Amino acid sequence: MLKASKSISIEDLNQFSDPIDDETHVPEKKRRIPGRMRWYVCAIVTGLMTLVQANVHVYNFTVLCMQEEQAKMINESLSRNETITSSLNFNFTKFEQDLLFSAAYIAPLPSIIILYFLTNRSGVKTTLMLCSVMSFLSTVLTPIATYYGFWYFWAARFFQGLPTAILGIVVSVVTCHWSTLSENGTYVSILAAHYQIAPLLTMPLSALMCSVGGWSSVYYTQGTITAILIILFAIFYTDKPSDSKYVSRGELKAIEDGKSLEEKHVEKSKTPFVAIHKDSAVWAIWITSVGGTIGFSIFLQYGPTYLNKVLHYNLSTTGWTAAIPYIFSCIARIVAQPLSANCSFLGERLAAIVSTSISQGTMAIAFLVLMLIPQSWSSVGQLCYSLVIVANGLNGVGITRSAQLVCKQHMSFVYTARAFYNGSVGLFLPLLVNWVAPNDTHSEWTRLFLIIFCIVFVTNLIFIIFSRAEAAPWTIGTAEVDDRSEHDIEDQKSIDTTTTVEKF
């Protein structure tokens, strides 16, 4: 046994340990990382999640096309004194429309926990493939389902919504596996941007296809794009970068550099369910996220209806008018995430509070203006609508950063629970709209905006009071290396080397 281990230099011990590559002494941000496969994977996964989410939103616009097409068909038949033989009826009652809106949001609620454990057991690739195929089939079969009646249509909507339960899990797990530590903020912001990109794709596409091929062509077009992305995902994605033949050694080393065992196998970590649900900072994340989701979803689900019924935009204008703000929303999310992560002069907690307050404060102001303006000020209404959508791009930035810092390796579960609570908004919101604005009049929507203003304001206040930026006690036990300095890493190497000599 070697006793005087402290007096021996590192150079003397090199014979007992593997040589350390000089490149490891260069900070990752200053090194050029070889290979781009991780970014191709990011693009493919983001694209597939976008289509899964977009397939849910397609009804939000096509319901207007369906009703307009049926009205034209009836008018043409009456003008020619022909008997109307079609059994289709798209003039749904307000209650039936609410059922169709909420159908896609009911499905994720019971399935999200099942998919969480299925992902832990089978991996992201298998689970997301199954969910994507379900989304594809339910989308392309929707036009057929409508011919069989309302409840078949409702079932198609239900199975369109079910796959969205996995998307929050995918964002966190894929980021942990495929992103380098220095690129983590940008990577997660791109993956999470699928929520903004989905309506950006669906609304103008629906406006175009409705005028060219009818409402059913929208479903077939999005189904085709979904199928293409499923094939690309099956070919290029692997649950671990080390299993991919397209990842170079240098890129794999950069991806795995500095990650703990739990980070590399994040879906296998034991989750302290009770401790998480007792943490006020986690509840602040969830509650604020729900408040922002309510503010965003009122226009995500009912934006086309509001623009068409209340502000009186025609259908072709509605599609593009509803979609344009999502471009700036995507840009805001992708740019703001890394900026927030690097605002060291503010401190992590204050940076998260500022970005969240800017987002939800802008939403609250927009809803306040919408309450006060007369119906004739449609251009101001359109501006406020746009501000709410763009502000939502910033909404997840502070919340996501706070979740990363507080929850560490358990962010996957916190994101899953967040998706569950956010999903309940889609179930609750149609009931609220049907109760407050059953006739889609300007005065009814004014009352609705007042309620949403109060919700957004209060939930943001909760985040300001209870948010934290320190790792929660229930994360201790994992060496979270992104908080360690280079000096800490060198100390650990010295300890490991000394231990090796003593054993020798």
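Glycine too: its Cβ is placed from the backbone N, Cα and C atoms.
Per TrEMBL, the feature domain 'Major facilitator superfamily (MFS) profile' maps to 46-472. The transmembrane segment annotation in TrEMBL covers 39-59, 99-118, 130-154, 160-180, 187-207, 219-238, 280-300, 320-339, 351-373, 379-398, 419-436, 448-466.
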(Q) Please identify the stretch among 130-154, 187-207, 219-238, 419-436, 448-466 with the greatest number of Cβ pairs below 8 Å relative to the transmembrane segment (379-398). (A) 187-207
Q. Against which stretches of its own chain does the transmembrane segment (99-118) lie, if we need a Cβ under 8 Å and a gap of at least six residues from its ends?
A. 56, 59-60, 63, 92, 127, 131, 153-155, 157-162, 164-166, 169, 301, 412-413, 416, 419-420, 423-427, 429-431
Q | Stretch in 39-59, 160-180, 280-300, 419-436, 448-466 most in contact with the transmembrane segment (219-238), if contact is a CB pair under 8 A | A | 39-59
(Q) With CB pairs under 8 Å as the measure, which of the listed stretches 187-207, 280-300, 351-373, 448-466 comes out on top against the transmembrane segment (419-436)? (A) 280-300
(Q) Six or more residues beyond either end and a Cβ under 8 Å away: which residues meet both conditions relative to the transmembrane segment (280-300)? (A) 57, 60, 199, 306, 322, 356, 359-360, 363-364, 367, 385, 388-389, 391-392, 395-396, 399, 402-403, 406-407, 414, 417-418, 421-422, 424-426, 429, 433, 448, 452, 455-456, 458-460, 462-463, 465-468, 472
**Q.** Of 39-59, 130-154, 160-180, 351-373, 448-466, whichever stretch has the most CB pairs under 8 A to the transmembrane segment (187-207)
**A.** 39-59
Q: Take the transmembrane segment (448-466) and find every residue of the same chain, 6 or more past its ends, with a Cβ under 8 Å from one of its Cβ atoms.
A: 280-281, 283-285, 287-288, 290-292, 294-295, 298, 353, 356-357, 360-361, 363-364, 367-368, 370-371, 398-399, 432-433, 436-437
Q. Going along the chain, which residues at least six beyond the ends of the transmembrane segment (160-180) come within the CB cut-off of under 8 Å?
A. 28, 33, 38, 41-42, 45, 49, 52-53, 55-56, 59, 103-109, 111-112, 115-116, 119, 124, 127-128, 131-132, 134-135, 138-139, 142, 187-188, 191-192, 194-195, 239-241, 254-255, 257, 259, 263-264, 266-267, 411-412, 415-416, 418-420, 423, 426
Q. Taking the domain 'Major facilitator superfamily (MFS) profile' (46-472) alone, what is its mean pLDDT?
A. 82
